[in-house]
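Engineer: This structure is in structure tokens; I'll ask about it shortly.
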Amino acid sequence: AEKELLPGFHQFEWQPALKNVSSSCDVGIINGLSGWAFSVDDAPADTITRRFRYDVALVSALKDLEEDIMEGLRESGMEDSACTSGFSVMIKESCDGMGDVSEKHGGGPVVPEKAVRFSFTVMSISVVADEEGEEVTIFTEPKPNSELSCKPLCLMFVDESDHETLTAILCPIVAERNAMRESRLILSIGGLLRSFRFHFRSTGYDEKMVREMEGLEASGSTYVCTLCDSSRAEASQNMVLHSITRNHEENLERYEIWRTNPFSESVDELRERVKGVSAKPFMDTHPTLDALHCDIGNATEFYKIFQDEIGEVYQKANPSREERRSWRAALDKQLRKKMKLKPVMRMNGNYARRLMTLEAIEVVCELVPSEERREALRELMRLYLQMKPVWRATCPAKECPDQLCRYSFNSQRFADLLSSTFKYRYNGKITNYLHKTLAHVPEIIEKDGSIGAWASEGNESANKLFRRFRKMNARQSKA
């Protein structure tokens, strides 16, 4: 029974057969570097990574959903025998680095202190009814951000910033995924052989990972966005009106231009031409915004605005570090006293959720001297709380239709507030996630129907399990 839960148990076949992938089905956990020819001087890398073969893992995930698929077919009135082909499966991929996973007291092999986890979630399964030819969705993942629906595919002891090693390990996965796009899976579900096509959407990446996979400069770059070509200065002038232009193919073309420099330009001109694409993109990501990190990024920004407002920076020219430190201490003290919010080293999801509330803003306003600034802060938070459900909801059209309709209007008002009342912070600069929140949310939702459902949270919460299984209670208080 335990074996059935692990990939490598079920019979299946691919038509046409996958290129460069062995045809055996009973593959369990494999060395993540299998398929790599080692040179003589390579360090023995056999401890670095373990993974399932992608197709085997997908089969296992589908078999887990066997009952749901049959249920869906019955509910949509498609008789079992009628549909054996035309199933299509939408897969969300997530990949995230984790710092500090050292063994606390183990005598294991020496591995880097960082890990990267790659996982996937079956988001939906639909089938084309034979007669009409229209797609009927027979399964939708109800909790796309739970660690339960998020299946691990590959665990690596690599630093996510070590681009070379990361690409080397993920390349076989990318290759298998490309092979599966061209082929269909034949698998027995409910006693009949059925054929499935897979669609992969890599949306569960934070911005750092997207920039790395798509060959963009790191997130401090003047090119503020992974979705459009805007520079930071442009984005702070025109906060709302941008459309999504970047994609994987274009990034590859731009990399070629960067590499060959066909017009013999100087570095600055060349960089302006390729809009900050200066490494080879190796994995196509689906243009979206990561809802969890969006929350965190914006909360960090608000936290800084709160400090600035306590110190009335809008009237002062550059304050000293001591002054800034005292405002921050005052803010932390107030939040701890009134909201029971302990100061954190790095902003995390839970802190962000507590900080971005009307309750918190009232607490902060007690420290803000002038009444009109308090009103501006309240207005800012009210608008933000109107916007937030739109990119958090799994299905915004159902869960918050009114906020969805008003989003563009609200984001415009929000931007106006920032560029007038708070312009001391947004003069020529804006944070990456704030730009995306204001400029790109409606377009993504129009295209994909949701941002929240495609976020990286499932993978992030499974990181916690990974730590637990390694008996590795890092990042918890040492007291």
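Every residue, even glycine, has its Cβ placed from backbone N, Cα and C.
Nobody curates TrEMBL annotations by hand; they come from automatic prediction.
Keep in mind the model is a prediction, meaning the values are calculated, not measured.
Annotation comment: TrEMBL describes 13-85 as domain 'V(D)J recombination-activating protein 1 pre-RNase H'. Taken from TrEMBL, the feature domain 'V(D)J recombination-activating protein 1 RNase H' applies to 89-221. What TrEMBL lists as domain 'V(D)J recombination-activating protein 1 ZnC2' is 223-285. Summarising the annotation, TrEMBL assigns domain 'V(D)J recombination-activating protein 1 ZnH2' to 287-449. As annotated by TrEMBL, domain 'V(D)J recombination-activating protein 1 C-terminal' applies to 457-478.
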Engineer: For the domain 'V(D)J recombination-activating protein 1 C-terminal' (457-478), report the average pLDDT of the model, please.
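Structural biologist: Summing pLDDT over the domain 'V(D)J recombination-activating protein 1 C-terminal' (457-478) and dividing by its length gives 73.
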Engineer: Determine how many residues of the domain 'V(D)J recombination-activating protein 1 RNase H' (89-221) DSSP places in helix, in strand and in coil.
Structural biologist: 26 helix, 56 strand, 51 coil
Engineer: For the domain 'V(D)J recombination-activating protein 1 ZnC2' (223-285), give the DSSP counts of helix residues, strand residues and coil residues.
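Structural biologist: Going through the domain 'V(D)J recombination-activating protein 1 ZnC2' (223-285) residue by residue, I get 27 helix, 3 strand, 33 coil.
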